[in-house]
Amino acid sequence: MGSKTPHNHRRGPNESSSPPAIDAINPPKQAAASGLVHGSLEGESEGGEDEDDDKPGADLKAVGQIGNDGQKRNKRKKKKKKKNTKELEILQTTPPRVALANIFRSQRYPEAEIVKYSTDNDNLQRTTTEELRHLSVLNAMDDEFLNDYRKAAEVHRQVRQYVQTIIKPGIALSQLAPEIEDGVRALTNHQGLETGDALKAGMAFPTGLCLNNIAAHWTPNPGAKEVILQYDDVLKIDFGVHVNGRIVDSAFTMAFNPVYDNLLAAVKDATNAGLKEAGIDSRIAHISEAIQEVMESYEVELNRKVIPVKAVRNITGHNILHYKIHGDKQVPFVKTQTNQRMEEGDVFAIETFGSTGKAYLDDATGIYGYGYDENSSTTGLHHSSAKSLLKTIKENFGTLVFSRRYLERLGVQRYHLGMRSLVTNGIVQSYAPLVDVPGSYVAQFEHTVLLRPNCKEVISRGDDY
């Protein structure tokens, strides 16, 4: 999910993005099975009945006494049947609806792409002060942190690989969005219908389904005109998955007409260039320059006219915080002047947008979604409907971005007046669709990368992109 560059925004080198640490509960480990072997008492049969000492011909022997044949009395031992401990393998369904917890019984999820840091890093020796400043971030990047991220990434991979098989000309976008979101909720095993359940795991923000010159922040909403995918469309699919507030943000573009192949290749290569340059102490200005250089080395031919691919100037990649899709660091797609660097423990969404238009985005009409600002003041809030709605938002979404569809899914009704009051008072921020000029085409690719102490993990990397 792209972060739009605000007007008159200045990025300082000392901005902090340390997410608060959270307490996570480890699943209990299974105790090793143990048991006691019970033998029959001397003088009792294996069936538990006393032997009859008065039985004619019975030999009376003390415990351990040697019989006439010189052998100790041995009792027959029942052979124990070996239990088949092998568990049946559970496979994912099509569409994916089996919770990952049922497939990964150990609750350990696969690593993504691991990239070792270059040994020629020009600033590997960080000062003690900087290390102390990031100590809380590094402490939070423990096994639970990594496992939550890997689970969210695995959900994203399985869902997107399925939806790529059903995205074809003729599909309605109002049908596609629920396919993605229902898959995420099924695989995380959190439907989000009970109060607070969506904060445990599920959608990190509404599914973005943006056609052609619509670059970002469009999703089907109730009452909107139906949109059907066409052969000549360029469709960007951008959705996020979170587990315990650890957000994986990843996006890709699909087109059916091969005339757009170079546009998609330009953006995918530019994103990979940004991922290659990302790392501890990497200068954001250097990353931006590398992205632009790769992106703008491509051109496309549309209607017998050669058009250069341009890097979009006023939307950026961004760092990700706990339960917050947008942090305070931005990664532009064009050369910029900033002293800001990436830091150990950071989580970044490295994304790029390339356009055949003017490569500058404007707000369009309509609302994509909403996000609660936890630092806002509610002193000016007087409408009871607004207060009730705010309570619902806090309990079910917190600072995660949500849409009207998500509210109505919870059964919330007649919320428009209350929402208007929340937006007017700056308590909730609204997001509008972002568009380039009509007739242009925009593509997007995006991955989430974790800057771990000894390597970077492109957590959302898959076989598809």
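The backbone N, Cα and C atoms fix where each Cβ goes, glycine too.
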Worksheet entry | Matching residue for the divalent metal cation 2 site, where Swiss-Prot names HIS318, GLU351, GLU446 - out of ASP197, ASP232, ASP233, ASP249 | ASP249
Fill in: Residue from ASP238, ASP261 that Swiss-Prot also lists as binding divalent metal cation 1 with ASP249, GLU446
ASP238
Worksheet item: Which ones are near GLU351 (divalent metal cation 2 binding site): of the binding-site residues HIS217, HIS326, GLU446, which have a Cα within 10 Å?
Response: GLU446
Worksheet entry | Least Cβ-crowded entry, counting other Cβ within 10 Å, from the binding-site residues listed as HIS217, HIS318, HIS326 | HIS326
Response to the item:
Students should find that the Cβ of ASP249 (divalent metal cation 1 binding site) has, within 10 Å, a number of other Cβ atoms equal to 30
Worksheet, complete the sentence: binding-site residues ASP238, ASP249, HIS318, GLU446 vs HIS217 (substrate binding site), shortest C-alpha separation belongs to ASP238
Discussion item. Cβ atoms within 10 Å, counted per site: which of ASP238, GLU351, GLU446 has the most, among these binding-site residues?
Written reply: GLU351
Discussion item. Cβ within 8 angstroms of the Cβ centroid of ASP238, ASP249, GLU446: which residues besides those meet this for the divalent metal cation 1 site?
Written reply: MET1, GLY2, GLY208, PHE239, GLY240, SER250, ALA251, ALA349, GLU351, GLN444, THR448
